[in-house]
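See below for the structure under consideration.
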Amino acid sequence: MSTVLYRCPELLIGGEWRPGRHEQRLVVRNPATGEPLDELRLASADDLQLALQTTQQAFEHWRQVPAHERCARLERGVARLRENTERIAHLLTLEQGKTLAEARMECAMAADLIKWYAEEARRVYGRVIPARLPNSRMEVFKFPVGPVAAFSPWNFPLVLSARKLGGAIAAGCSIVLKAAEETPASVAAMVDCLNQELPPGVVQLLYGVPAEVSQALIASPVVRKVTFTGSVPVGRHLAELSARHLKRITLELGGHAPVIVCGDADIARTVNLMVQHKFRNAGQACLAPTRFFVDRRIYGDFVDAFGATQALRVGAGMAAETQMGPVASARRQAAVQDLIARSVAAGARPVASAVPEAGYFVAPTLLADVPLDAPVMSEEPFGPVACAVPFDSLDQAIAQANHNPYGLAGYLFTDSAKAILAVSERLEVGSLAVNGMGVSVPEAPFGGVKDSGYGSESGTEGMEAFLDTKFMHYVA
């Protein structure tokens, strides 16, 4: 049981925490029990306009702050974040459901992301182009794009907010973050660590009615850049809204990651890695391995080994023995259970275990012998569900893996150089891990293709997303 007192946060506007003035309030619940934790007060139209006004004012100052000072301020904020890891992790587990170990890891990952961006602030370089005329110079400059509107989800609220906060602030932008209403306290605690080291208004945090917030922020001439992580339908809507107002947008959307397991793969090692990765955060990860295409020669052994997921200890995230917590909400629980039922009706064979009755729990489930037209092969589960299909040739596996609108992450297990070359060139994903799990690190770009979005976060590409380019030709 956590000893951390849970309270829903206020809004951060202009460097001050203030209550939201919207007439509507939302109840935040503990996914492990379904019981209410507190009520969240939302941003009103006046709150949104005040946030826009103050973010514009803050940007005019922050853009002129030298990169070395921006770096130092962010690094001090990161130090505060690390000092508060235990408290923030407890808040995250209470409101989101993931295990305490996973919550601690997420805090560490968020700190690493912001620190990397802080260091990158000192490495934003322009360039000199050889001039065409005597007594002249041609130069290219990089400068901050302007105030940013950022939208982050509930599944990894710290990490996915940190990707946006770190890049925008390091680049010299101010940022208005609309974080997920399901997980408000943990993000507010992280943002507070940064805010204490920044000038007022550089970072602002809002919670509100999503349609009202997105319309107000994206339509405003103050906002110059939009960044969103979330579902494909919402991403499409925000892309249309951004296009209408000619705003640059980065979209990191859904995933349905394929895993190709070749005949020479080490089954025990592959299953051990993939079970850890698949059922982390109860499978609520856009890069979670989900569709397993397994060489027919080892398919039976693979399914038997994967069936050991029934031994995973499912329970409340605060319990030390828990290996997988609940899904985040009753709505998510119902959606995952419905997808399993429809896929079983289509011919899939379920391998699952029992789970606690109270709370929003879904059993870690493997669907074996899945028909290619079963719903789970095309719909993102976003829960603790994996599906397995045998293949007879690598060409067949690649074709089946690509037969899906998503293209975020993919995985390959083999020692064959020929197979690695073929999959790396032909698998339609933004990130590929070979014989491992690492597809998301601060120093490398992360983003998808097809319906998984466009643009990158993290890496130098993620920093570029918050920068504009100016060319100057000077003749003496």
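Here the Cβ of each residue, glycine as well, is placed from N, Cα and C on the backbone.
Between the candidates Leu133, Leu198, Leu253, Leu412, Swiss-Prot assigns the NAD(+) site shared with Trp154, Asn155, Lys178, Ala179, Ala180, Glu181, Gly230, Ser231, Glu380 to Leu253. Note: the Cα of Trp154 (NAD(+) binding site) and the Cα of Cys286 (active site, nucleophile) are spaced 12 Å from each other. In this structure, Glu252 (active site, proton acceptor) is part of a beta strand by DSSP. Counting every protein chain shown, 28 other Cβ atoms lie within 10 Å of the Cβ of Glu252 (active site, proton acceptor).
Between the two most distant C-alpha atoms of the annotated NAD(+) binders (Trp154, Asn155, Lys178, Ala179, Ala180, Glu181, Gly230, Ser231, Leu253, Glu380) there are 24 Å. The two recorded residues Gly230 (NAD(+) binding site) and Cys286 (active site, nucleophile) have their Cα atoms spaced 9 Å from each other.
In three-state terms derived from DSSP, Lys178 (NAD(+) binding site) belongs to an extended strand segment. Every protein chain considered, the tally of other Cβ atoms within 10 Å of the Cβ of Cys286 (active site, nucleophile) stands at 27.
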